[in-house]
Amino acid sequence: MNKGWLELESDPGLFTLLVEDFGVKGVQVEEIYDLQSKCQGPVYGFIFLFKWIEERRSRRKVSTLVDDTSVIDDDIVNNMFFAHQLIPNSCATHALLSVLLNCSSVDLGPTLSRMKDFTKGFSPESKGYAIGNAPELAKAHNSHARPEPRHLPEKQNGLSAVRTMEAFHFVSYVPITGRLFELDGLKVYPIDHGPWGEDEEWTDKARRVIMERIGLATAGEPYHDIRFNLMAVVPDRRIKYEARLHVLKVNRQTVLEALQQLIRVTQPELIQTHKSQESQLPEESKSASNKSPLVLEANRAPAASEGNHTDGAEEAAGSCAQAPSHSPPNKPKLVVKPPGSSLNGVHPNPTPIVQRLPAFLDNHNYAKSPMQEEEDLAAGVGRSRVPVRPPQQYSDDEDDYEDDEEDDVQNTNSALRYKGKGTGKPGALSGSADGQLSVLQPNTINVLAEKLKESQKDLSIPLSIKTSSGAGSPAVAVPTHSQPSPTPSNESTDTASEIGSAFNSPLRSPIRSANPTRPSSPVTSHISKVLFGEDDSLLRVDCIRYNRAVRDLGPVISTGLLHLAEDGVLSPLALTEGGKGSSPSIRPIQGSQGSSSPVEKEVVEATDSREKTGMVRPGEPLSGEKYSPKELLALLKCVEAEIANYEACLKEEVEKRKKFKIDDQRRTHNYDEFICTFISMLAQEGMLANLVEQNISVRRRQGVSIGRLHKQRKPDRRKRSRPYKAKRQ
């Protein structure tokens, strides 16, 4: 295995795929574009590329130069993973292994775990031999390299090909035991750059060291040389975004519970009204189904013609009768319309029907005064409600990511471990769980109850709100949150790293550009219209900033779980060192072997960060407050905006992985066979000679010197020099 290792490009997509081939999980590689800016998030290590000064790396030996920064203590050197590079062109794998095997919080997989255990306590030279004799590493290394160019014939070896090619080398910067080390496989000892400051991260010191090195190599002009590249080994951002989505969906459920509990406390008489209305619904639906004909819904016709039956049609039908079960599946679904209703849901009677909310909501309309409500009632002002088709749910067709999603589905139940007290007992559950939100009349109290019950089944499905509907009341379906719509952006995959990096990328992703940070939520806007009669104040982000619930809970809504007490107090969940919540009602279930879910890790990390910034004191329970319905709706809008934002980020990461694989296929594909076959076919057809002559003639007409034409300049110089000498005489 000492020969045959190929050169690798300094590309974050290549290194990310190489990490996956090594069997490492939860790690990716990002490119650093700006050394002046601070790195966001945890970083396992840096991989630095620079130009190598020697001519031939195949004949080089490990440098024996030792200075004051070299660590010569065998105990320190052997306890870390530092290996001499004994195989040419293996510096990329050496640099990557130097980062991964010196990090204790990385899932290395079977291959690297076995190597780490086997080489524990070995000398750097022995570790170098272990890397060179690992066929799994060599196979993964060469699988991402460009095809090796063919050697030139011996008669054309006048110029050394090695002298004309520039050689580059990879080294690593890793934090080990509180000190920054530079691990270079071509040096006999690791380089110790010392500890970093108390008020800074290790990445800050590493950036300073790298900038000083670039400045020395370029004579004090660090931005005039592009022969350097820097990459960071970071956690997989897909896992981070999925964990944040789990936390946000649990918090959305908690906010809905708080809103439902507030309505139950303020209006206890509504429960009796709800029961009486439920008893009347079967009779009304039965009479309506016997009198009304079967008609096709206009807004469901395109989807039904293709045979795609959506649950939204059943949800819009409400309590009406369904189509017969013996109907073929390729026929459009028929629904029963109430008497007098048209295809568009508009009553044919010219007299407008006043659509009002239930009495308990109209009496507690916080957006209007009682005088204004009486005027609206006298004028017959109704709220128009138009069905809105939900957007297509996000799905990833990538094969390898589907495997990851299967593991994530198993971990979905981890979000259900956090269950707050005071969960209301909803009524009968409707049969639809399609992830839509329907606000029907007149039982708005069941809106939150049905949505909570559906969300407890599967947190990965967008939560829905469902209420019973009386005859003649139109159904309104609104998606739970605004999904990121794919934009007609440039799908070129020539350079997948152009999609952008989390570390100061100069190019912004088209997905993020198409989605604002805080998109307007159709759920909260529609609920605010139903509850309060207006949504202008909730749609403005500036007004949300000054909302009390958003101001108190907004900074921790995506990093920590919310706890709803029995008295309606909503507060963030404080975690102790053991990872268990201070509230007895919300406790994470400890898994086997002490493993924790991504949700628990995210919550612990978020709590630690809040303790560092002074937001939370260790061991101190977090105080909560009661909020008004309008404040809870603003908080719900904030949660759904964060969900939409993280879903866009997750989709961006998935698309970036896809383009990484496309680039890798283009990089590793051998085009020589196709080129040789094409040229041989041209020669067989007698077209090759003519094409060569045409190419040569075009170059001559363009003034390009061919062959020995440039040697005619010497006689011209002698002719010009003779008159000059004669004039001097």
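Every residue gets a Cβ built from N, Cα and C, even glycine.
In Swiss-Prot, the feature phosphoserine is assigned, of Ser276, Ser342, Ser482, Ser585, to Ser585; the remaining candidates carry no such note in the record. Comparing Thr310, Thr493 with the features listed in Swiss-Prot, the residue bearing the annotation phosphothreonine is Thr493. The stretch that Swiss-Prot tags with region 'Interaction with YY1', taken from the ranges 192-236, 642-686, is 642-686. From Ser123, Ser327, Ser521, the position flagged in Swiss-Prot as phosphoserine is Ser521. Noted from Swiss-Prot: of Ser292, Ser509, Ser571, the annotation phosphoserine belongs to Ser292. Per Swiss-Prot, the residue from the list Ser369, Ser628 bearing the note phosphoserine is Ser369. When Ser505, Ser583, Ser597 are looked up in Swiss-Prot, the one carrying the note phosphoserine is Ser597; the rest have no such note there, which does not rule it out for them.
Counting in whole angstrom, Gln85 (site 'Transition state stabilizer') lies 7 from Cys91 (active site, nucleophile) by their C-alpha atoms.
Summarised by DSSP class, the composition of the region 'Interaction with YY1' (642-686) is 40 helix, 0 strand, 5 coil.
With a 10 A radius on its CB, Gln85 (site 'Transition state stabilizer') counts 24 other CB atoms from all the protein chains. Within the model, the motif 'Classical bipartite Nuclear localization signal (NLS)' (699-722) shows a mean pLDDT value of 53, rounded to a whole number. Secondary structure from DSSP puts Gln85 (site 'Transition state stabilizer') in coil. For the recorded site, Cys91 (active site, nucleophile), the DSSP three-state label reads helix.
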